[in-house]
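Record features, source TrEMBL:
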type     : residues               : note
ACT_SITE : 187                    : active site, proton acceptor
BINDING  : 42, 105, 129, 130, 131 : NAD(+) binding site
BINDING  : 92, 98, 131, 162       : substrate binding site
DOMAIN   : 6-152                  : domain 'Lactate/malate dehydrogenase N-terminal'
DOMAIN   : 156-330                : domain 'Lactate/malate dehydrogenase C-terminal'
């Protein structure tokens, strides 16, 4: 079975982690042969809750799980990591401006970035889930100058999965029959779910989604809005944010980093925009279509972009640029 890998989950006493930890520990993400040490970080007031999570992980009697380390200390949490899944962040409370939210999160992700820089392996893969995920990820990366920028990504796979399933539901096929949807930009309501390049398997034949659905006004209207606002719809219905689907998306995202993407398929991930050919400004953490091989992602190149898409892609880039400028201001004072 080889050496165990060290996997950190932050915000480990929270509800996304509660759905996520079991999947990781039982081998759904790194494979059924890979032993693990799980490191669980949360804030000091959550330590008692975290003890309960540790007991439950022990009580699952999982053969791959070699050790569980609960902690509220960054120097313990970030030591020698192979992968860091940063779920914990300051959530938006009622009446809170986005700016206040950014300020609180810059502080968290500057500190965690510095801890990664100091304690983690230089090969560590870092996945940021806590919102605002793109900008939090950019701040963590800027605070860890000795770790390659390409090792940082943020989660837009939940949006990607939402887009896939909306198309599948509309056509009465399974989500597996739909591939190559794209989420461009920010994990916010400006994100652009793009199905111009997506394909669907209809009775054994691969067809473009626009051709299969034959309803352009739905694809350019309600479909996009549903994906953009799905998170809010779940909160409205459940009175809690999407945890089960977020955990599943994290598993998909990390598994693809680890094992690569299937041949002929690409996935959406927030990554550093440097060197992209789609006119997105440099130095943004922006969601692109990528393929992954040998734990390394590459942009999917050469996809034609129509005017409708261009406008939507620019809009979300503009929001990210503004977020970045605000965050970088806070960074100097954090």
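From the backbone N, Cα and C atoms, a Cβ is placed for every residue, glycine too.
Caution: TrEMBL annotation is automatic and unverified by curators.
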By a simple count, how many Cβ atoms lie within 10 Å of the Cβ of residue 98 (substrate binding site), its own Cβ left out?
13
From 42, 129, 130, 131, 187: recorded positions whose CA lies within 10 A of residue 92 (substrate binding site):
131
What are the helix, strand and coil residue counts for the domain 'Lactate/malate dehydrogenase N-terminal' (6-152) according to DSSP?
66 helix, 27 strand, 54 coil
Measuring Cα to Cα, how far is residue 105 (NAD(+) binding site) from residue 162 (substrate binding site) in Å?
26
Between residue 162 (substrate binding site) and residue 129 (NAD(+) binding site), find the distance joining the two CA atoms and give it rounded to the nearest Å.
16
All-chain count of other Cβ atoms within 10 Å of residue 130 (NAD(+) binding site):
25
Please report how many Å separate the Cα atom of residue 130 (NAD(+) binding site) from that of residue 98 (substrate binding site), as a whole number.
14
Set of same-chain residues at least 6 away whose C-beta sits under 8 angstroms from residue 42 (NAD(+) binding site):
10, 11, 12, 13, 14, 49, 50, 70, 72, 88
Sort out for me which one of 105, 131 has the most neighbouring CB atoms within 10 A, since those are the binding-site residues we care about.
105
10 Å Cβ neighbour count around residue 92 (substrate binding site)?
15
Cα-Cα separation of residue 187 (active site, proton acceptor) and residue 131 (NAD(+) binding site), in Å?
8
About how far apart, in whole Å, are the alpha carbons (Cα) of residue 98 (substrate binding site) and residue 131 (NAD(+) binding site)?
11
Once the chains shown are all counted, how many other Cβ atoms turn up within 10 Å of the Cβ of residue 162 (substrate binding site)?
22
In Å, how large is the greatest distance between any two Cα atoms among 42, 105, 129, 130, 131, the listed binders of NAD(+)?
16
Over all pairs in 92, 98, 131, 162, the listed substrate binding residues, work out the largest Cα-Cα distance in Å.
24
